[in-house]
Structure formats: structure tokens, C-alpha cells
Ligand SMILES: CN1c2c(nc(N)[nH]c2=O)NC[C@@H]1CNc1ccc(C(=O)N[C@@H](CCC(=O)N[C@@H](CCC(=O)N[C@@H](CCC(=O)O)C(=O)O)C(=O)O)C(=O)O)cc1
Ligand SMILES: N[C@@H](CCS)C(=O)O
Ligand SMILES: [Zn+2]
């Protein structure tokens with residue numbers, strides 16, 4: 001039996017990569033300095049994995065921005081618009097790479113970034129490959145080979161990790177009509193083979209191909225593509241040992257295909273699909289050679305592994321196929337886990353009682369190693385921790401459970417249907433056509449973060465911190481008034497993160513100080529841990545929202561994070577159904593919504609950007625999830641009068657296939673990310689005849705690029721062809737916390753002018 005790991009967090013335990021990338025982008029460090037940070041993180045990661053007992057350590061799991069973007073660069077899938085970046089004097093491959101991720105607006109060039117979307121059901125975002133009908137691929141970057149050699153030189157014989165050809169194609173998007181991207185398998189495979197030849201020449205023995213689409217519904221064409229690709233690879237490299245990794249769900253209907261592939265090892269996510277081992281053994285189709293990698297340690301959550309249960313699975317596998325054909329592993333790459341629990345030393349933020357229930361990436365490696373050679377002593381200690389959690393009085397609050405049981409039908413719908421509410425809201429709010437607004441947050445500048453940091457460390461008084469936040473809020477309100485935005489926001493300066501902030505104020509949550517997880521590029525989040533029943537002790541946002549409203553006669557939107565998003569972006573207890581925890585959160589948010597209304601707030605936004613991400617990967621399971629998720633949103637939003645306008649916001653997901661359910665949420669207004677896909681999403685809203693109001697994002701906030709008024713007018717004109725103008729709002733794609741003030745001011749000023757021009761177009765006699 002051997003241990004292996006599918007991937008290790010690459011941000012560094014102190015977010016060194018984030019700091020280095022951001023310094024490189026702002027010109028504070030040069031390429032060599034950036035590369036040095038990358039090298040030292042890689043070396044540290046390989047060392048840690050070896051020290052913690054991993055036999056087969058991955059390489060090429062490191063990335064400066066995103067592993068899918070790495071593949072696009074490697075395979076030469078570089079959209080034409082970026083070719084000029086590389087031609088510019090002084091630019092290098094990294095400049096091209098970052099331009100693809102972030103857009104490029106300098107030296108006379110103005111190029112939009114590639115699209116970004118969620119990685120399966122996680123809060124990690126990848127850069128979407130773009131394909132054309134005549135798409136050619138060629139080996140462009142040799143990062144995987146360089147990193148393999150770098151590891152070798154440092155004394156580690158690694159297993160390079162690549163996204164498999166079928167999943168890579170499926171992760172991408174056709175940028176023109178008339179072809180199916182899976183048909184590009186014939187064009188792409190030669191480049192994979194060329195790469196493998198180079199790896200072979202470097203004496204690579206093992207390779208991991210990630211094919212997570214095996215956890216999704218696949219058609220016959222995709223299954224054939226898998227068979228074709230792996231047969232060709234086997235033919236060309238008969239002795240290469242391939243680990244084919246599927247994760248996040250069962251193989252399901254794809255099991256037969258997976259078992260038929262000529263690979264050395266199949267990796268199973270036994271956390272998400274505990275029946276998978278039985279399915280395989282019972283199928284009788286594993287054959288006498290194929291190895292299995294048992295993904296037993298949860299890469300998606302932070303609870304300690306239950307050694308007793310895992311060992312039962314291991315023993316079952318050992319008796320069926322023998323220990324020489326087995327790997328023990330985490331369920332998926334550990335990039336979704338915080339790095340090191342040992343760094344959590346503050347008893348006040350994370351008590352030792354709860355800490356003893358947890359395991360982060362580094363500890364998960366040790367769990368994998370422990371499971372390989374489980375001693376009685378390790379088992380006993382582990383079972384004590386599991387018992388301590390199961391029987392802890394910290395977890396259960398009878399009053400919270402009782403309240404959930406008393407939720408009635410009247411809690412999950414508004415007083416009147418939207419058609420009635422819309423009339424009342426139009427009368428009450430008197431907003432112009434194309435009302436302009438933003439999504440909530442304004443720049444979280446280094447200054448804002450450092451004041452908060454000083455306050456949290458105790459070197460700044462609460463009063464001084466709050467006075468500072470008040471000043472920031474005042475400036476933001478007066479600036480929004482000056483440029484003529486219609487519905488204002490207070491700016492969310494007091495919030496560290498849209499989920500952590502709420503979690504910090506709710507019972508049933510704990511927090512880490514160092515538990516960062518990459519969300520996209522250099523951006524990280526610190527997901528709260530929901531360990532027990534959730535309840536709200538007092539209002540969470542009323543003071544700041546009311547303060548904002550007191551500064552202006554325009555409407556200030558209340559800004560809340562919705563129950564599904566709080567659930568989805570936290571590490572959730574696994575001792576009760578997620579739906580139950582979600583209902584507890586929904587009630588807490590409902591109380592906050594009604595408190596905001598009582599405080600005179602007329603427009604309240606409940607963000608649900610993670611509603612799509614929570615969908616099970618297989619369509620057959622969608623309905624059940626959507627039933628409780630949509631209901632939770634409705635419970636949180638339905639306690640208000642008809643005149644109170646409820647907004648929701650969603651971003652960075654494919655929403656086309658859940659429009660009906662988005663409509664069922666019955667928010668009066670939805671603001672939604674649209675600009676990177678040039679309003680493509682609105683086709684679905686049009687086809688479905690979406691009844692409520694919509695603010696399709698008119699510019700991409702994830703890129704520092706400032707959009708022109710004209711391009712936003714163009715997008716709005718496109719939107720107007722699809723959605724009646726009486727239903728349209730004008731706003732950016734998402735919150736502005738990641739942007740600087742300079743670009744924010746320019747972009748929003750242009751956006752307000754774009755809305756004004758649209759109003760003129762509508763009211764002009766020619767129109
Ligand atoms: C909208 N999105 C979000 C997602 N998930 C969330 N949980 N939250 C989201 O907002 N998923 C989808 C998208 C992803 N988008 C983003 C966008 C932006 C960020 C981001 O900016 N992250 C910040 C960290 C935010 C935070 O928690 N800040 C804290 C701590 C700040 C800090 O680093 N402090 C330093 C000290 C600072 C000093 O002294 O100067 C420290 O602790 O060392 C805060 O503001 O208090 C990031 O930096 O990456 C994430 C996802
Ligand atoms: N209100 C949040 C939503 C982000 S998805 C923000 O503006 O940052
Ligand atoms: Zn958003």
C-alpha cells in the first residue's frame with residue numbers, strides 16, 4: 001500500500017504567493033523575484049508532503065494564477081487577441097499569462113480578460129479556455145517539465161499532475177457557433193503526446209490525469225473521447241503509470257467507461273461517494289491488474305478523519321484486491337483546504353476543544369499516512385477526538401431546532417405576487433429608467449485592511465476604528481451622490497469578507513486566523529467553520545446601513561449575504577443535513593431583513609452568488625437541492641412589506657440551466673454577472689421570459705481594466721433587445737472591493753453616463 005496526494009495548496013502558509021503576485025503586478029518586484037517565491041513555495045510543499053509521510057508527491061500542482069490557465073498556455077490555446085501582448089517589447093511569457101487572466105490595458109493595448117467561472121461545486125474559480133472552430137494547439141509552455149526537473153533536482157521524484165484532455169476541453173467554451181469542443185480531441189491529443197514524450201525523456205514514471213468530468217453526466221461522444229484519448233496514450237507510452245483521478249462525486253453512469261480505460265490506477269472520491277468501492281468490486285470489471293486509489297480523507301472539509309470507518313473501507317479493499325494494488329489518498333486536491341492547523345494558536349478564536357475536531361491540509365497528509373499503517377495508539381487517540389465532537393454540548397441548541405420545526409408555509413412567500421409589488425415599489429421609490437447601482441462593496445484598500453488589522457490586534461480602540469469607517473462611508477456616500485448613482489450602498493468597509501463578517505456575528509460558527517483558501521488568482525478567503533446550531537443574537541448590519549442612510553436622501557441598499565451562500569462558503573458540520581443548517585441560517589437572515597426594514601431601509605439586497613455552486617454535479621439530484629436552497633432564500637427574504645424591494649446578486653457561474661429556480665426565488669431585482677460573456681446569459685432570461693427586474697453586469701470588476709462608456713452602452717443596447725427596458729438596471733458585475741479607487745471612480749462615472757445615454761435614447765423622439 002502506498003500513499004499519494006492529488007495536489008497541495010500553493011498560496012503558501014502566509015499567503016506568500018498572493019503578496020508576490022500583487023507586488024509583481026504593481027511593479028514592486030521583478031519577474032525573478034516572483035519566480036523565487038514560486039520556487040520556495042514548491043520546495044516547501046514537497047518537503048512538507050515528504051515529512052508527513054506521502055510516498056508519491058505531486059508536481060505541477062503549483063500555479064501562479066490557475067491550473068486551467070496553465071493548461072491553456074501549455075497547450076497553446078491562447079486567444080488571438082493576446083498575441084500582441086507577447087510581441088510587445090519587454091514582455092515575457094508571464095506577462096502574457098497574467099494578461100489572459102486579468103486583461104491588459106497598457107502601452108496602447110486594451111484587451112479583455114478571459115472568462116472566469118467556478119470550478120465544479122467549489123468556491124475556486126478557473127479561467128475558461130476559449131475554443132474556435134479551427135482551434136489549433138501546440139506545445140507552448142513546458143512548465144510541467146520544468147517543475148518535474150526542479151523537484152528531481154531537489155531530491156523528489158514526483159508525479160506530474162495534468163488536467164486530462166477530455167476534462168480540459170469540457171471546461172472550455174466554444175467562442176463561435178457550428179462545432180462541438182469535444183471534437184477537438186483529435187487536435188489536442190498530439191500535444192498531450194508531445195508533452196508526455198518530453199516527460200518520458202525526463203524519466204517520469206507516474207502521471208496523474210485529472211478527469212473530474214467523470215463525476216458529471218457525460219454523453220456517448222465524451223465517453224468515446226475518453227476511450228480514444230487514453231487508448232492513444234497507452235499505445236504511445238505503454239509503461240507510463242497513469243493515475244486517473246475523478247473527484248467530487250461518484251463515477252455513476254460513467255463507471256463502466258472509467259473501468260474500461262487502460263490506466264494503471266483509478267482514484268475514487270470515497271468521501272463524496274462512499275458506495276463507490278462496493279460498486280467497483282461488485283461490478284467484477286476491475287480486472288486483475290488495475291490499482292485503486294482510495295480517496296478517504298476529505299479534501300473539501302476540515303473535520304478529522306474517522307480512522308475506524310476509513311480502516312473498515314481499507315480492509316475491505318485489501319481483502320478484495322490485496323494491499324499492493326492500493327493507494328491511500330485525500331479525496332481530491334487539498335487546494336480547497338486551509339493549510340496548517342498548527343498555526344492556529346489563539347484559544348480565544350479557536351478553542352482547543354474544537355481544534356481537536358479539525359484537520360487542515362498538512363494534518364490531512366498525516367491522516368493519509370496514519371491510515372496506511374494504523375496503530376492501536378493512533379486509532380485510540382483519533383476515536384477520542386471523534387467521540388468528543390459527537391457528544392459535545394456545544395453543538396446543540398434546542399430553541400434553534402424548535403424554531404426550524406415551526407417554519408410554516410406563510411414564511412416562504414411574499415405578501416403579494418411580483419406584479420403587485422412592482423407597482424407599489426415603482427410608486428414608493430420613483431427611480432428613473434435604467435436605475436444605476438453597485439453591488440455593495442467599495443475598495444477594501446490597504447488602509448482599510450490595516451486599520452481593521454490594528455483594531456483586531458488591539459492597537460486601535462473601537463472608537464478610533466469606527467470613526468475611521470464612518471469617514472470612509474461618508475466619503476463613499478457623498479461620492480456616489482456626486483456622480484449621480486441612483487441607489488447607493490454604504491460600501492461594506494466594516495466587513496473583512498461577505499461570509500466571514502456574518503459568521504463572526506452568528507452563534508454556531510468559529511474562525512481561524514490563518515485558514516486561507518484560494519478563491520481565484522491572488523484572492524483568498526477564510527471560510528468560517530459551522531460547528532453547531534446557528535442563531536442570531538442581535539442585529540448585524542443595521543447600524544452601518546442606517547448610518548449610511550442618515551447621510552443622504554437617496555436610497556441606501558441594505559446588504560446581506562444569503563443563507564445558501566453563507567452555507568456554501570463555510571466549512572459545514574457533517575453531523576446533520578446541509579439543508580437543516582441552511583434553514584437555521586435563513587431564519588437568522590430573515591430576522592436581519594426585518595430589522596433593516598424597521599430601521600427604514602427600503603431596498604435590501606440578499607447576495608446569493610453561491611446558489612449555482614451548491615448544485616449537485618449530477619442533474620438527477622438537482623431538484624432536491626434547489627427545493628431547499630430556493631426555499632431558504634425565500635424564507636430569508638419574505639418577512640417584509642410589498643413596498644420593500646428585495647434584490648439578490650449572483651456572479652461567476654453558469655446560470656442558464658437554473659433560470660426557473662432563480663425566478664422562483666422571487667427577488668424583485670437580480671443583479672447578475674454578464675459582461676465577460678457579452679450578455680450571453682440574458683438569452684436564457686429572455687427565452688424563459690424572466691418576470692422580475694434584472695441588472696445585467698455591464699463591466700467586469702475582476703480586471704483592473706476601465707471600461708469605456710461606449711462599450712457599456714453597446715452592452716445595454718444588446719440587453720434591451722432581450723429584456724424590456726422597464727425591467728433593466730445598470731450595475732457592475734460584482735462588488736468593487738478588489739479594485740482601487742482610481743479605476744472604480746472612472747469606471748462608475750462612465751457607467752452612470754452610459755445609463756444616462758440610454759435614457760436619452762429611449763426618450764428621444766426618433767427612438
Ligand atoms: C465574491 N467572492 C467571494 C467568494 N467567497 C467569499 N467568501 N467571499 C467573497 O467575496 N467567492 C466568490 C467571489 C470571490 N471573490 C473574492 C474577491 C475578493 C476576495 C478578497 O479580497 N480577499 C482578500 C481577503 C479578504 C479578507 O478576509 N480580509 C481581511 C483580512 C485582511 C488581511 O489580509 N489582513 C492582513 C493584515 C493587513 C494589514 O495589516 O495591512 C493579515 O491578516 O495578515 C480583512 O479585510 O480584515 C484577499 O486579500 O485575498 C476574495 C474573494
Ligand atoms: N455585496 C458583495 C457581493 C459580492 S458577490 C460585494 O459587493 O462584494
Ligand atoms: Zn458577486
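Residue numbers in this text run from 1 along the chain shown.
Any Cβ shown, glycine's included, is placed from N, Cα and C.
Counting every protein chain shown, 24 other Cβ atoms lie within 10 Å of the Cβ of residue 702 (active site, proton donor). According to TrEMBL, the active site, proton donor annotation covers 702.
In the three-state DSSP assignment, the secondary structure recorded for residue 569 (5-methyltetrahydropteroyltri-L-glutamate binding site) is coil. Annotated 5-methyltetrahydropteroyltri-L-glutamate binding site per TrEMBL: 15, 16, 17, 18, 118, 123, 523, 524, 569, 613, in sequence order.
Other C-beta atoms found within 10 angstroms of the C-beta of residue 492 (L-homocysteine binding site) number 25, with every protein chain shown included. TrEMBL lists 439, 440, 441, 492, 607 with the feature L-homocysteine binding site.
Among the features that TrEMBL reports, L-methionine binding site is placed at 439, 440, 441, 492, 607. The local packing around residue 439 (L-homocysteine binding site), expressed as other Cβ atoms within 10 Å of its Cβ over all shown chains, amounts to 27.
Sequence-distant neighbours of residue 673 (Zn(2+) 1 binding site) (same chain, 6+ residues apart, CB-CB distance under 8 A): 650, 651, 652, 653, 681, 697, 733, 734. Taken residue by residue with DSSP, residue 673 (Zn(2+) 1 binding site) is part of neither helix nor strand, so it is coil. Annotated Zn(2+) 1 binding site per TrEMBL: 649, 651, 664, 673, 734, in sequence order.
According to TrEMBL, the Zn(2+) binding site annotation covers 649, 651, 673, 734. Within 10 Å of the C-beta of residue 651 (Zn(2+) 1 binding site) there are 26 other C-beta atoms, taking all protein chains into account.
If you look up TrEMBL, you'll see 3-318 marked as domain 'Cobalamin-independent methionine synthase MetE N-terminal'.
If you look up TrEMBL, you'll see 434-756 marked as domain 'Cobalamin-independent methionine synthase MetE C-terminal/archaeal'.
Over the domain 'Cobalamin-independent methionine synthase MetE C-terminal/archaeal' (434-756), the average per-residue pLDDT in this prediction is 96.
Apart from 439, 440, 441, 492, 607, the residues listed for L-homocysteine, the same chain places the Cβ atoms of 438, 489, 498, 559, 605, 649, 734, 735, 737 within 8 Å of the centroid of those Cβ atoms. Put simply, 441 is the one of the binding-site residues 439, 440, 441, 607, 664 whose Cα lies nearest to the Cα of residue 15 (5-methyltetrahydropteroyltri-L-glutamate binding site).
Here the C-alpha separation of residue 17 (5-methyltetrahydropteroyltri-L-glutamate binding site) and residue 439 (L-homocysteine binding site) works out to 28 Å. Within 10 Å of the C-beta of residue 441 (L-homocysteine binding site) we count 22 further C-beta atoms, all protein chains included. For ligand 1, the nearby recorded positions are 523, 569; that is, of 492, 523, 569, 664, 702, these have a C-beta under 6 Å from one of its atoms. Among the binding-site residues 15, 17, 118, 492, 651, 734, residues whose Cβ is positioned under 6 Å from ligand 3 are identified as 651, 734. Summary for the binding-site residues 15, 118, 523, 649: the Cβ-based neighbour count within 10 Å is maximal at 649.
In sequence order, 123, 499, 525, 527, 610 are the residues near residue 569 (5-methyltetrahydropteroyltri-L-glutamate binding site), counting only same-chain partners six or more apart with C-beta under 8 A.
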